[in-house]
Amino acid sequence: MILIVVEYANGKVSKSTWEMITAARESGREAPLTALVLGSNISAIAAEVARAVDQVLVADLPALAQYDPELWSAAVAQIAAEGEANLVLIGGSRSGREYSPRVAIKLDAPLLEDVITLKSSAETNTAQRYTFLARVTETIESTTPIAVVTIKPGVFNPATPKAEAAEQFDVDLNLPTPRLKVTGKTAERSSRISLSEAEIVVSGGRGVGSAEGFTQYVEALADQLGAAVGATRAIVDAGWRPYSEQVGQTGKTVQPKTYIAIGISGAVQHLSGMNKSKTIVAINRDPEAPIFKIADYGIIGDVTQLVPAILTELKK
Amino acid sequence: MRILTYIRQVLDAEESVHIANDAVALENSKLVMDTMDEYGVEEALRLRESGIEAEIVAVAVGSARIQDALRTALAMGADRAIHVETDTRLDAIALSKVLAQLATQEQATLIFSGGQQADWDSHALAAATAERLNWPQVTWTSALELKGTTLTGKHDADEGSESFTLELPAVVTTQQGLNEPRYPTLPNIMKSKKKELRKESLDEFDVTPKLKFVSAEIQVKNRLNKILDGKDAPAAAAQLVDLLRNEARVIA
């Protein structure tokens with residue numbers, strides 16, 4: 001079987017899960033598609049995902065109310081082993097990237113991480129992934145009977161649910177005791193459109209001058225265009241913007257139709273999080289800024305004059 | 001206690017990528033210690049400077065050149081280094097087997113590793129090592145404190161961040177923002193030359209990778225590169241908006 005570990009948030013199946021379903025269906029591997037839902041009070045999630053797979057396994061346990069890498073990896077490895085899964089798909093979220101290596105080792109399987117294409121047969125799994133800070137595309141292959149694969153978010157088209165629902169089964173798990181104790185959470189949720197789902201992203205860097213400059217130029221332009229707001233690591237570190245808006249190696253990877261970079265010079269760590277955007281627009285004072293090398297459109301000049309002029313133009 | 005800090009050597013971010021024989025060719029490029037790993041070395045040094053009695057061992061697996069990165073770690077302040085020399089490229093799962101064995105041999109109780117490797121773009125090494133050792137892990141830490149055998153700190157999660165506590169032994173991944181890595185001073189560079197850098201052979205570790213690297217290509221998306229002069233802001237803004245509306249058709 002192909003096992004997909006369902007990702008969900010705020011009571012809904014996440015887009016990444018529908019993307020994994022497409023990756024599995026397009027992989028060429030002929031095997032029943034099984035969704036595994038881990039958590040507590042998850043019947044709505046199980047019912048929702050049942051409309052796109054062949055069967056659903058549900059582990060609805062109070063112990064699983066909180067994500068923990070040791071619990072998740074133990075649960076997934078146990079179900080994969082019992083069901084003789086040959087392909088285990090996990091989302092390329094922070095948590096997925098964190099527990100998937102443990103699953104691979106428990107199953108004595110290779111880990112194909114953050115893949116953007118996947119071809120799978122009974123003999124081989126071939127995948128492509130970005131490397132060298134997303135500057136290179138590498139092809140990798142495994143020839144083992146079982147492989148663990150994490151799917152890079154935002155690459156595969158989300159699957160569409162059908163009217164009929166697959167059967168659901170409850171599963172028993174032998175879970176370890178979590179050792180990492182979470183003592184507090186800081187949820188940084190923005191009221192705007194989410195970065196990973198927006199068609200247009202307007203991002204700001206040091207060139208906006210200050211936190212006020214960010215509001216005045218980046219947020220104003222984003223509001224005008226109905227876009228999501230992004231930021232560079234430097235200004236998140238400076239405390240001007242929340243971490244949830246950070247784009248780059250240590251933040252989010254985005255792939256919108258249009259990425260507008262304001263006052264961003266384009267360190268390779270930032271570029272790795274946005275260089276797959278369809279159209280890139282850059283505004284920066286420094287003509288030598290690396291961002292211009294990957295831009296489709298750009299203006300060399302002062303952000304404080306150019307952005308207000310663009311806003312005036314857009315309102316015409 | 002003994003702390004292992006695992007070090008990668010990667011292409012300097014300012015360098016271009018070259019491909020030869022279906023793989024990234026690094027022979028003529030400038031290589032540096034992966035910045036994410038520098039935070040690990042720095043954090044180990046800070047724990048020791050906070051009064052914890054600890055020996056810090058820098059560990060690397062790779063070609064002869066990787067010893068430059070180990071020397072940098074020694075010059076920053078690590079006590080000694082271990083270099084498992086090989087030209088074989090190993091994926092994170094294979095590599096974790098070496099690291100876990102070294103941790104056991106060295107009786108380490110804390111391992112630092114960068115949150116993401118800037119060459120293989122992988123997040124897997126720390127978690128894989130933790131699993132092999134049957135230790136807990138905490139990834140993407142942004143604050144860390146050690147009292148006795150209890151680690152407390154903050155780390156990034158799917159949404160926002162979490163505060164945590166954890167009992168040693170443990171594997172911790174580091175990232176930008178955790179600390180500001182120090183530069184090696186000249187006296188420390190001189191001293192580091194006398195520090196032990198032990199060589200080991202990969203053959204000792206019985207590693208058989210399950211992943212094959214088939215090919216690599218540089219992704220070049222042809223960009224239009226229409227860059228306007230912005231001295232006359234209203235004119236440049238009008239031209240840009242016109243291009244985005246009527247040529248690219250990306251805004252209404």
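Count begins at 1; order follows the chain as displayed.
Even glycines carry a Cβ here, placed using N, Cα and C.
Here the structure is a predicted model, which means the values were calculated and not measured.
Taken residue by residue with DSSP, A:HIS270 (FAD binding site) is part of a helix. For A:HIS270 (FAD binding site), the same-chain residues 6+ apart in sequence whose C-beta sits under 8 angstroms from its C-beta are A:GLY205, A:THR232, A:ARG233, A:VAL247, A:GLY248, A:GLN249, A:ILE264. Residues annotated as FAD binding site in TrEMBL: A:ARG206, A:232-233, A:246-250, A:263-270, A:ASN284.
Confidence for the domain 'Electron transfer flavoprotein alpha/beta-subunit N-terminal' (A:2-182), expressed as mean pLDDT, is 96. Feature annotation from TrEMBL assigns domain 'Electron transfer flavoprotein alpha/beta-subunit N-terminal' to A:2-182.
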Cβ-based proximity (under 8 Å) of the binding-site residues A:ARG206, A:GLN246, A:GLN249, A:ILE264, A:HIS270 to chain B, or none: A:GLN249
Fewest other C-beta atoms within 10 angstroms, as judged across A:ILE264, A:ALA267, which are the binding-site residues: A:ALA267
Local backbone state of A:GLN246 (FAD binding site), from DSSP in three classes: strand
